[in-house]
Amino acid sequence: MATVIDSHFLALTAIVTVGYQLFFFIITALLKFDKVTDFAGSTNFVIIAVLTLVIKGSWHFRQIILTLLVVIWGLRLGLFLLMRILQWGEDRRFDEMRSNLGKLAVFWIFQAVWVWTVSLPVTVVNASDRDPSVQAEDIIGWIMWSLGISIEATADQQKLLFKNSPENRGRWCNIGLWKYSRHPNYFGEILLWWGIFVASVPVLEGAEWLVILGPIFLTLLLLFLSGLPMLEESADKKFGNVAAYRIYKKTTSPLIPLPPIVYGNLPLWFKATFLLEFPFYSRSLPQEGPNWYRSSQEEIKDELKMS
């Protein structure tokens with residue numbers, strides 16, 4: 001089919017993304033209904049992937065596979081988040097935005113930028129005329145995606161079951177994958193999008209390598225802005241005075257899953273340098289007293305018995 005607007009579909013996907021997010025922004029602003037926010041973001045990825053594949057019409061094997069991977073991820077995450085918010089009620093992220101149109105608009109603009117940027121590898125692959133045979137990068141990327149979505153889906157389900165159990169009310173999730181990472185779902189999401197980029201490498205030439213900005217943007221977003229910092233601050237404010245939580249935080253990796261016995265014995269400089277344990281993740285954690293660790297042992301033992 002003929003090229004639409006530009007050879008890499010960058011303008012087309014930008015227009016589609018802005019239009020799609022604008023539609024849901026209007027619904028949110030007029031009806032004060034923010035339960036569709038995450039669904040709008042996730043499904044936008046699906047629309048971009050499928051639209052660029054169909055418009056190009058090449059139907060190369062790599063294009064089909066990468067599009068399918070995005071569709072599976074987008075629909076799984078979008079439906080999961082939609083069902084969760086419908087079950088739990090209002091999204092607390094919007095408590096300060098519902099009556100502030102400016103803040104709400106900034107959020108939706110940022111979501112549009114997120115969708116368009118992270119979709120870049122698939123967009124460029126689907127727009128390409130090149131079709132090299134399957135290479136090692138493809139297989140490595142597919143494996144990374146498979147591991148990533150398995151970790152993300154498993155972590156999401158484990159936390160949902162944990163939160164839905166009345167006996168866990170007022171406690172932080174520390175079961176399953178959450179024993180080894182404080183944010184395993186984010187680790188899975190970062191891994192799968194880097195996998196999609198790696199699987200796109202055989203097609204890339206010249207300036208097309210700039211699509212690496214997609215997984216970089218996602219990683220920086222989750223590490224420094226809307227992901228870990230917000231959740232770490234929220235958890236520290238809720239549980240920061242609970243000794244068992246402080247032990248959990250000291251012995252559990254913030255992102256990369258590791259056995260607590262290994263992570264807990266690593267020096268702080270090593271954690272901060274190589275394992276993303278940035279100091280600002282604990283800026284809301286209350287200061288420890290001089291005898292804090294010793295006095296907390298009985299509470300830790302009780303917590304372990306309960307788990």
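Backbone N, Cα and C define each Cβ position, glycine as well.
Here TrEMBL flags 12-31, 38-55, 61-83, 104-127, 186-204, 210-231 as transmembrane segment.
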Residue numbers, six or more beyond the limits of the transmembrane segment (186-204), whose CB comes under 8 Å of its CB atoms: 62, 65-66, 69-70, 73, 118, 121-122, 124-125, 128, 130-132, 135, 137-138, 140-155, 211-212, 214-215, 218-219, 222, 227-228, 255-257
Selected stretch (most C-beta pairs under 8 A with the transmembrane segment (38-55)) from 12-31, 61-83, 104-127, 210-231: 61-83
Tertiary contacts of the transmembrane segment (12-31) (same chain, 6+ residues out, Cβ under 8 Å): 4-6, 37, 40-41, 44, 47-48, 51-52, 55, 101, 104-105, 108-109, 111-112, 115-116, 119, 123
Same-chain residues near the transmembrane segment (61-83), Cβ under 8 Å, at least 6 residues beyond its ends: 35-36, 38-39, 41-46, 48-50, 52-53, 119, 121-122, 125-126, 128, 131, 134, 138, 142, 145, 149, 152-153, 156, 192, 196, 199-200, 202-203
Within-chain partners of the transmembrane segment (104-127) [C-beta distance under 8 Å, separation at least 6 from its ends]: 7-10, 13-14, 17-18, 21-22, 24-25, 28-29, 37, 40-41, 44-45, 48-49, 52-53, 56, 58, 62-63, 66-67, 70, 94, 97-98, 193, 196-197, 199-200, 203-204, 208, 210-215, 217-218, 221
